[in-house]
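Structure record follows, encoded as C-alpha cells.
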Ligand SMILES: Nc1ncnc2c1ncn2[C@@H]1O[C@H](COP(=O)(O)OP(=O)(O)O)[C@@H](O)[C@H]1O
Ligand SMILES: [Zn+2]
C-alpha cells in the first residue's frame, strides 16, 4: 500500500505486479462475464501481456483499444486546470468547464480541490512515463489489428459519440 501511494504521489506508474493483481481480481467478478471496459490499464507491455493471459483464462480477448490523441500542451492545460468536488467527485475545469461559483460544486455545493498529481511538474512526469512505458502499446495493439484512433481534442460530446459508435462496430 505504501509503495503504491508513494508512486502515485510522485506521479510514477505503480509496479506491474500490483496493478495486474488488482485487475485480475476485478475481472473475475461476475459483472465482468459479459464484457468490460478498462480505463488506465494496461499502461505497460507487461500489463498488456498479463491482460491477454487473464482474457484467455476467461475465454475472452480484447476487442477494441481506443487511443485518444491530444497535443501535449493541451493535455497540460486540461490537467492543471482540472478541479474535483470533495463531496461528490464531479469534475470541472477552471477555463473549459467552470462552476458557477469559484471553487464550489454546482451539483452539491461541495468544495473543489486540485489533485496533487495535477500540478505542472507532476503532469510533466506523468507524460514522460506515458512516452517511455505506455506509448509502446500503440504498436503492440496496432500489430494485433485492434487499435482505433479518436481525436481527443474535439468536444466532449463528439469524443463520446465517436467512441460509442466504434465500440458498436459502426465506425
Ligand atoms: N495501469 C497502471 N499501471 C501503473 N500505475 C498506474 C496505472 N493506472 C494508474 N496508475 C497509478 O495511479 C496514478 C493515477 O492514475 P490515473 O489514471 O491518472 O487516475 P484517474 O483515472 O483517477 O485519472 C498514476 O499516476 C499511477 O501512479
Ligand atoms: Zn459536488
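Glycine residues also receive a Cβ, built from the backbone N, Cα and C atoms like all the rest.
Since this is a predicted model, take the numbers as computed values, not measurements.
Straight from TrEMBL, the features:
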BINDING   12, 13, 14, 40, 41, 42, 43, 47, 115, 126  AMP binding site
BINDING   82, 91, 92, 154  ATP binding site
BINDING   85, 88, 105, 108  Zn(2+) binding site
DOMAIN    82-117  domain 'Adenylate kinase active site lid'
REGION    81-118  region 'LID'
Could you check which of the binding-site residues 14, 43, 82, 85, 88, 115 have their CB within less than 6 A of ligand 1?
14, 43
Environment of 85, 88, 105, 108, the listed Zn(2+) site - residues of the same chain whose CB lies within 8 A of the CB centroid:
86, 87, 89, 90, 106, 107, 109, 110
Can you figure out which of 12, 14, 88, 105 (the binding-site residues) comes closest in space to residue 82 (ATP binding site), comparing Cα atoms?
105
Which of 43, 82, 115, all binding-site residues, has a Cβ with the fewest other Cβ atoms inside 10 Å:
115
Considering only the binding-site residues 14, 85, 88, 105, 108, which possess a Cβ situated under 6 angstroms from at least one atom of ligand 2?
85, 88, 105, 108
What is the biggest Cα to Cα gap, in Å, among 12, 13, 14, 40, 41, 42, 43, 47, 115, 126, the residues listed as binding AMP?
25
As a quick check of your reading of DSSP, tell me how many residues in the domain 'Adenylate kinase active site lid' (82-117) are helical, how many are strand and how many are coil.
2 helix, 13 strand, 21 coil
Candidate nearest residue 43 (AMP binding site) in space, where candidates are the binding-site residues 88, 91, 105 and distance is Cα-Cα:
91
To which of the binding-site residues 41, 92 does the lowest count of other Cβ atoms within 10 Å belong?
41
Cβ neighbour count within 10 Å of residue 91 (ATP binding site):
11
When distances run from the Cα of residue 92 (ATP binding site) to each of the binding-site residues 12, 14, 41, 85, 115, the nearest one:
85
Are there any residues at least 6 positions away along the chain from residue 12 (AMP binding site) with a Cβ closer than 8 Å to its Cβ? List them or say none.
125, 129
Nearest of the binding-site residues (14, 105, 108, 115) to residue 91 (ATP binding site) - Cα to Cα:
105
Neighbourhood of residue 105 (Zn(2+) binding site) by C-beta distance under 8 A, where only residues 6 or more apart in the same chain count:
85, 87, 88, 90, 92, 99, 111, 112
